[in-house]
Each structure stands twice: as C-alpha cells, then as structure tokens.
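K.L.:
Right, I'll just put the structure down here and ask away after.
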Amino acid sequence: MASVLIREAKEGDCGNILRMIRELAEYEKLSDQVKISEEALRADGFGENPFFHCLVAEILPAPGEPQGSCMVGYGLYYFIYSTWTGRNIYLEDIYVKPEYRGQGIGSKIIKKVAEVALDKGCSQFRLAVLDWNKKAVDLYKTLGARDLTEAEGWHSFRFEGEAMRELAGK
C-alpha cells in the first residue's frame with residue numbers, strides 16, 4: 001500500500017470533510033442530525049478565530065503511480081477547559097472510510113491529536129463513542145484511554161433547539 005499522510009486540513013478540503021461527516025453520521029445511524037454546510041465548515045474552521053481544527057488522512061500514491069492522493073479519513077477536534085486539570089483537547093469526530101479501516105489510519109489520526117494536545121499544554125485528550133461501537137471502544141482502550149462511564153459513571157447531556165431557547169429565555 002502507498003503511504004499515509006496525516007496533515008492539517010485546508011479550507012479547500014471542506015467538501016471532502018463534509019462528505020465524510022455525512023458518511024460517519026450514516027454509520028452512526030444519525031444522518032438526520034447533520035445540519036452543517038460546507039460554507040459553515042469554511043467559516044467555523046478556517047476564519048480568524050476557528051471554532052475547530054481538523055486533520056485529514058491521505059493515501060499518497062507510490063512513486064510512478066498516475067493517480068493523485070486520496071483523502072480517506074479525518075479527525076475534527078477543538079480545545080476545551082477543565083476546572084480540575086486546565087487545558088484539554090476534545091476529538092469530536094474520527095472517521096476512516098470503511099475500505100481503509102484496519103490499516104492503522106485511525107490510530108495515526110488519534111496519535112497526531114495526542115501530539116497536538118501535548119504541544120499545546122493539554123493535560124487530557126477526551127472523546128466520546130456510541131456504546132454499540134465496540135471496535136472503536138476497544139481501539140481507544142488499547143491506545144490507553146479510560147472509559148469514564150465505566151470508571152466514574154459520567155453521563156453526557158446536550159441542550160439543543162427549543163430546550164436551549166427556553167432555557168435562555170429567547
């Protein structure tokens with residue numbers, strides 16, 4: 001197989017990233033929840049004060065092969081803050097196209113996010129996974145992550161739409 005490059009996403013990658021976001025949502029059986037547009041990704045990730053950062057995985061052609069590189073995965077992350085431990089990084093999405101899974105590409109993306117976290121002085125690297133995604137759970141544990149639901153009993157909550165407007169009195 002040709003080599004894999006993990007690099008920072010560029011604004012021009014947003015179309016491919018959005019396609020993979022939709023593929024991930026379909027895999028997670030949550031396609032109806034994707035409301036983001038390519039324009040929003042450009043504005044939110046590549047403006048003056050980006051809300052997120054993104055890494056992409058590309059398969060580079062072997063020397064002499066006629067085709068160009070092929071984007072096969074991504075990891076979208078942002079920085080958060082813990083009142084207990086300070087700077088943290090949160091991996092919102094990690095996705096590798098099905099035909100490229102099992103080749104270590106997801107691990108390479110995760111390791112690169114860990115590098116970024118350490119370079120930025122983060123004390124923790126957080127992520128969430130659906131309970132039925134056993135392969136991902138096993139991968140994260142193999143890489144050294146602790147399952148906080150098992151270890152500490154945390155539940156994750158979300159306010160959205162009408163509940164958020166009602167809460168804010170708007």
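Numbering starts at 1 and runs along the chain as it is shown here.
Note: Cβ is positioned from N, Cα and C throughout, glycine not excepted.
Positions annotated as domain 'N-acetyltransferase' by Swiss-Prot, on the basis of sequence analysis: 4-166. Annotation source Swiss-Prot lists substrate binding site at Tyr27, Glu28, Glu92, Glu152, citing similarity to another entry. Positions annotated as N6-acetyllysine by Swiss-Prot, on the basis of similarity to another entry: Lys29. Among the features that Swiss-Prot reports, acetyl-CoA binding site is placed at Ile94, Tyr95, Val96, Gly102, Gln103, Gly104, Ile105, Gly106, Ser107, Asn133, Lys134, Lys135, Tyr140. Here Swiss-Prot flags Tyr140 as active site, proton donor, drawing on similarity to another entry.
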K.L.:
Between the recorded positions Tyr27, Glu28, Lys29, Glu92, Glu152, which lies closest to Gln103 (acetyl-CoA binding site), Cα to Cα?
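P.N.:
Comparing Cα positions, the closest of these recorded positions turns out to be Tyr27.
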K.L.:
Given the substrate binding site residues Tyr27, Glu28, Glu92, Glu152 in the record, what is the largest Cα to Cα distance, rounded to whole Å?
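P.N.:
Output for substrate binders Tyr27, Glu28, Glu92, Glu152: max Cα distance 28 Å.
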K.L.:
Can you name the residues of this chain that are 6 or more positions from Ser107 (acetyl-CoA binding site) yet have a C-beta less than 8 Å from its C-beta?
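P.N.:
The list for Ser107 (acetyl-CoA binding site) reads Leu139, Leu143, given in order along the sequence.
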K.L.:
For Glu92 (substrate binding site), just count the other CB atoms lying within 10 A of its CB, please.
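P.N.:
Counting Cβ neighbours of Glu92 (substrate binding site) within 10 Å gives 14.
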K.L.:
How many Å separate the Cα atoms of Ile94 (acetyl-CoA binding site) and Glu28 (substrate binding site)?
P.N.:
12
K.L.:
Out of Glu28, Glu152, which of these binding-site residues shows the lowest number of other CB atoms within 10 Å of its CB?
P.N.:
Glu152
K.L.:
Name the one residue among Glu28, Glu92, Glu152 whose Cα is closest in three-dimensional space to that of Lys134 (acetyl-CoA binding site); these are the binding-site residues.
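P.N.:
Nearest candidate: Glu28.
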K.L.:
Looking only at DSSP and grouping its letters into three states, which state does the residue listed as 'N6-acetyllysine' belong to?
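P.N.:
For the residue listed as 'N6-acetyllysine' - judged by DSSP and reduced to three states - the answer is coil.
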K.L.:
Please give me the CB contact count at 10 A for Ile94 (acetyl-CoA binding site), counting all chains in the structure.
P.N.:
24
